[in-house]
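A.B. asks: For reference, the structure I am asking about is given below.
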Amino acid sequence: MNPNQKIITIGSICMVVGIISLILQIGNIISIWISHSIQTGSQNHTGICNQSIITYKNSTWVNQTYVNISNTNVVAGQDTTSVILTGNSSLCPIRGWAIYSKDNGIRIGSKGDVFVIREPFISCSHLECRTFFLTQGALLNDKHSNGTVKDRSPYRALMSCPVGEAPSPYNSRFESVAWSASACHDGMGWLTIGISGPDNEAVAVLKYNGIITETIKSWRKKILRTQESECACVNGSCFTIMTDGPSDGLASYKIFKIEKGKVTKSIELNAPNSHYEECSCYPDTGKVMCVCRDNWHGSNRPWVSFDQNLDYQIGYICSGVFGDNPRPKDGTGSCGPVYVDGANGVKGFSYRYGNGVWIGRTKSTSSRHGFEMIWDPNGWTETDSKFSVRQDVVAMTDWSGYSGSFVQHPELTGLDCMRPCFWVELIRGQPKEKTIWTSGSSISFCGVNSDTVDWSWPDGAELPFTIDK
């Protein structure tokens with residue numbers, strides 16, 4: 001092959017390669033255009049899964065629901081249809097209590113970023129249940145956890161996270177600056193109540209769907225405080241009880257009716273021989289029942305029941321199965337205060353079923369240890385101490401603490417009745433243990449009309465932590 005032929009051959013090969021490359025590029029452009037057209041067209045149709053995957057460095061909220069997997073948030077499509085939670089259903093018939101959640105916050109917090117908290121409670125909308133809690137503006141096993149045994153400080157805040165999850169900066173939503181709080185959902189939005197400020201000038205800030213709607217200032221200038229559990233909603237109105245005045249004597253107690261975050265009515269209870277603090281409230285057949293803490297002089301629990309016009313009745317649980325702590329041994333009850341060991345107390349709850357009552361209480365009569373549920377078939381109206389069911393949920397040797405009620409509406413469960421549930425705070429740290437901090441985890445149970453079991457679901461953390469040594 002002479003030099004001219006070589007040049008012609010090489011040139012021909014280069015030309016063929018160039019043409020092939022051009023064809024491939026044109027094909028690539030056509031492929032990209034077709035793919036883009038398909039994606040653009042699909043945006044006008046609802047997919048079967050209707051799921052978005054959004055990847056960011058930080059957690060991103062879409063419809064306030066996410067699952068954090070590394071740095072990828074898989075965001076499920078969620079029905080955000082609003083309904084009105086009527087609260088007109090009666091409580092579901094139950095035979096016992098099934099474990100619903102356990103967050104193990106203290107155990108996880110020995111190595112993970114978990115908030116120092118107290119006063120956790122649960123509340124449910126028609127779509128989800130959330131754990132609310134009062135942080136101390138600090139993490140477990142960190143220097144700022146020092147001294148968090150204190151109840152009221154400017155660093156405390158009401159936050160919430162999905163039920164059953166340990167409360168951390170990565171899954172929690174800020175709700176309100178508060179050292180006393182309540183929250184509930186009316187079917188259309190979240191109402192939060194956060195109390196903060198100095199003891200003699202505290203102010204309750206009401207928010208509806210995160211927007212401030214009203215404030216309530218301390219009217220007795222003696223530590224305004226509220227439920228530390230969920231408020232109760234009936235037919236679009238939500239109801240809460242606040243206390244202002246001495247913790248060891250007669251105080252002032254008010255019921256507030258709230259619609260979309262605005263107070264529409266309030267009354268002060270006429271209860272000269274009663275003491276109402278930290279009430280646990282629930283709706284039942286269109287009315288609201290609250291079972292509270294008597295920190296003044298009762299070892300049984302006071303109650304107040306009211307309708308949507310705030311017409312109310314008051315009393316004490318009559319049963320000789322006493323529900324507070326400290327308390328005497330079970331014996332003869334009273335439909336007024338039982339004065340034996342009546343001073344001090346702990347937040348708690350009960351559920352009324354006609355003349356009967358489910359009583360939640362610590363197993364210990366003198367300390368916050370253990371927890372049990374007692375069914376007294378005549379305990380709402382009779383003073384004997386005979387009961388027919390006892391279910392253990394925390395052993396006598398394990399720490400407990402506050403407890404409170406919450407309900408799951410038919411709009412959430414699909415049942416034709418209101419499901420009763422409760423949570424138990426498992427307090428760890430100061431003042432009973434050798435740590436620099438005080439915090440808690442929580443467990444919760446819901447009533448079922450089927451088989452249940454006795455067991456102990458304790459906090460389980462091994463103390464002290466590194467920061468305590």
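One is the number of the first residue shown, and numbering goes on along the chain from there.
Backbone N, Cα and C atoms are what each Cβ position is placed from, and that goes for glycine too.
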A.B. asks: For the Ca(2+) site that Swiss-Prot assigns to D294, G298, N344, which of the candidates D311, D324, D330 is also assigned?
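C.D. replies: The record-listed residue among the candidates is D324.
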A.B. asks: I want to verify the bond table. Which candidate from C184, C279 sits on the other end of the disulfide that Swiss-Prot records for C231?
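C.D. replies: Checking Swiss-Prot: disulfide partner of C231 resolves to C184.
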A.B. asks: Figure out which of R173, R293, R352 sits with R118, R152, E277, E278, R368 in the substrate site per Swiss-Prot.
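C.D. replies: Between R173, R293, R352, Swiss-Prot records just one in the substrate site with R118, R152, E277, E278, R368, namely R293.
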A.B. asks: Considering Cα atoms only, can you say which of C231, C233, C292, R293, Y402 is the nearest neighbour of C92 (disulfide bond) among these recorded positions?
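C.D. replies: When the Cα distances are compared, C233 comes out closest.
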A.B. asks: Counting every protein chain present, what is the number of Cβ atoms, excluding its own, within 10 Å of the Cβ of C279 (disulfide bond)?
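C.D. replies: Within a 10 Å radius of the Cβ of C279 (disulfide bond) lie 32 other Cβ atoms.
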A.B. asks: Looking only at Cβ atoms, how many others are within 10 Å of the one on E278 (substrate binding site)?
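C.D. replies: The Cβ of E278 (substrate binding site) has 24 Cβ neighbours within 10 Å.
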A.B. asks: Among the disulfide-bonded residues listed here (C129, C184, C318), which has the Cα closest to the Cα of R293 (substrate binding site)?
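C.D. replies: Nearest candidate: C318.
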A.B. asks: Do you see any of the recorded positions C318, Y402, C417 whose C-alpha is within 10 Å of R368 (substrate binding site), and which ones?
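C.D. replies: The recorded positions close to R368 (substrate binding site) (Cα within 10 Å), listed in sequence order, are Y402.
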A.B. asks: Averaging the per-residue pLDDT over the region 'Involved in apical transport and lipid raft association' (11-33), what integer do you get?
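C.D. replies: For the region 'Involved in apical transport and lipid raft association' (11-33), the model's average pLDDT rounds to 68.
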